[in-house]
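Here is the structure we will look at.
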Amino acid sequence: MKYGLWAAKGVVFLLLIILILNVFSGPKMSKEDFGVVLSKVQENLDLSALLQQDNQAIRKNLGLDPEAYERIAYFKIDDVMQANEYVLVQFKDPDQKNAFQQAIESRIAEQTNLYDGYAPDQVQLLKQAVVDIQANYALYVVDTNAKTMDEQFLESL
Amino acid sequence: MVFNSLIFIFCFLPISVLLYRFLPSQFLKNIVLFVLSLLFYAWNEPYYVLLLLLSIAWNYISGLQLMQEEDERQRKINFWLSVAVNLLILGAFKYTNFLLGIVGLEGFDITLPVGLSFFTFSALSYLADVYKGTSPAQKNPLYLGLYIAFFGKITSGPIAFYHDMEHQFSYHPFQKEMFYSGILLFVKGLIKKALLADQFALVFSSLSQNTSMLGAWLYALSYMLEIYFDFSGYSDMAIGISRMFGFDLKPNFDHPYVAVSVQDFWRRWHISLSRWFRDYVYIPLGGNRHDYVRNILIVWFLTGLWHGANWTFILWGLYYGAFLLLEKFVLRPILEKLPRIVGHLYTLVVVLIGWVFFCSPSIMDAFGTIGRMFHFAELVNTEALFVLTGHLVLFIIGILLSGTLFDRIEERLMQVKGNRMVLAFTVLYLVFFGISIAFVVGSTYQSFLYFAF
């Protein structure tokens, strides 16, 4: 009985180690400064029509709590007829990724409903939206430059 | 899954209650509660259910070993080995990135398992109780599984002590009175969360960039009220849910903002955690019998660290340790001679500044905010004034409800008017429950703050 318990404990310990190692085998977090990543994302692109929004707009439009994140920047076009916007976020903890992804998916769905029927070009733009979530950074873009911005985002990390 | 989500309130909880109510035997009730607890835990991150099951298995076997081992030296080794693996799990997930950051290395992409600190501390309570002989080892793995994983308390506590709960698993039948008091507590908790905490969260967020002195005080005050209504609301819901299933958990809050000293505050705030550190760390270290200063600093360093892998939490913990020492050696005799209001105001200011460390992303940010709180050159600006006037009623209600006034009125009316008030309060709570649901549906989703710990 005594040795049986030790053997059972050994198996449980081994399984615990495998589980932990599996979690730790994922990608590492970027130590790049938020400002540097943001500049690289915007590099060589004319994004002057998209203006930086305040915390209240982040809450209202994206359903995100800006205080919960290490850093977050939200840019949006000042024209209700267009859906262009982008968000760069640095997570405090990687476990914020799911909530961020859900919020962005809701935002895309809401915007698609909004423009559906009268602005098919904006719906198309929303269909091509980029949501790229890395270890501790994420980018969401609705813009014709979305792919370029995403490439620059990945390079910057 | 979270308690303030529609799926939990209108689907998961009612189905769980019906199953628990109508299943014929205690054995089946416990099986179903355990399976439901795993489902609840797996809702957002299914992978970590494996971690939870392995943790239960590890502690179950460890308990049996501690019970069987007769050699005291071997028993001690078994105990510390069992504790070490629990701490290894906690440390790996919670503190690895923090430690790597200290030495300048990149961290890992690790998602922190929800409730890890809470269920690990429950497991440690079990091991310590068995080792000390306070409780016998649990032979039924289902009971230990329920103790660690019960969905009513796994995500953010309260950290129930094993010796307080060990007799409840074999017999916790449906009891009408307990069930109704559980519903009432759950509704009170939801009201605190949806109507108060989430509203203070919006105020807190809107003031984060404010540079004025008034803005900084309102920023700190809104967080102070947010975290109280958030965590005490969560605790009410957790204890309420537990009562619905026949479990009796001790209160986790006792109006902490009416405290008249820092020591008094910690007897009223997150009581289960304070008790845990007192019984399993402070007293075994020697308590106030020897090395009092060292023991206090160790306990409060660990309390800070438990809350998160950040220097701000460690500083926050040590800050309280320092005030407790200051009270013990200097302030207590002075405060005892002064009117209670002085001690009350002193405590509120200490706690308010403490929350600034707690809510700030870095120590520099914390000192920046504290600096603005005493920056007389910019007393007020338009934004701060706008927030104050726009939310004055919310602040007044929040301050009044964080004290004992409402409870005293409720108690007094029940004494004077008797059963007529039961109906009136039932209607009142139903109305506020409806409003809370409307807020849950309509407002931005806000998770509980203590989920992060």
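Every residue, even glycine, has its Cβ placed from backbone N, Cα and C.
Curation does not apply to TrEMBL; its annotations are automatic.
Taken from TrEMBL as is:
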TRANSMEM  B:6-22  transmembrane segment
TRANSMEM  B:49-67  transmembrane segment
TRANSMEM  B:79-104  transmembrane segment
TRANSMEM  B:110-130  transmembrane segment
TRANSMEM  B:142-163  transmembrane segment
TRANSMEM  B:216-234  transmembrane segment
TRANSMEM  B:343-364  transmembrane segment
TRANSMEM  B:384-406  transmembrane segment
TRANSMEM  B:427-452  transmembrane segment
Long-range CB partners for the transmembrane segment (B:79-104) (under 8 A, at least six residues beyond its ends), listed in sequence order, are 51, 55, 58-59, 62, 65-66, 110, 112-113, 116-117, 120, 123-124, 127, 131, 305, 308-310
Are the transmembrane segment (B:216-234) and the transmembrane segment (B:110-130) close, by which I mean at least 3 Cβ pairs under 8 Å that are 6+ residues apart in sequence?
-> no
Counting Cβ pairs closer than 8 Å to the transmembrane segment (B:49-67), the top stretch among B:6-22, B:110-130, B:142-163, B:343-364 is B:110-130
Lying 6 or more residues past either end of the transmembrane segment (B:6-22) yet within Cβ distance under 8 Å of it, the residues of that chain are 29, 32-33, 36, 40, 151, 174, 190, 241, 244-245, 437, 440-441
Sequence-distant residues near the transmembrane segment (B:343-364) by C-beta distance (under 8 Å, 6 or more away from its ends) are 204, 220-221, 223-224, 227, 256-262, 264-265, 307, 310-313, 315-316, 319-320, 323, 331, 335, 370, 373
Contact set of the transmembrane segment (B:142-163) with the rest of its chain, CB cutoff 8 A exclusive, min separation 6+ beyond the ends, reads 2, 16, 30-31, 33-34, 36-38, 40-41, 52, 55-56, 59-60, 63, 114-115, 118-119, 121-123, 125-126, 129-130, 134-135, 169-170, 231, 234-235, 238-239, 241-242, 245, 247, 249-250, 252, 270-273, 275-276, 279, 448, 450-451, 453
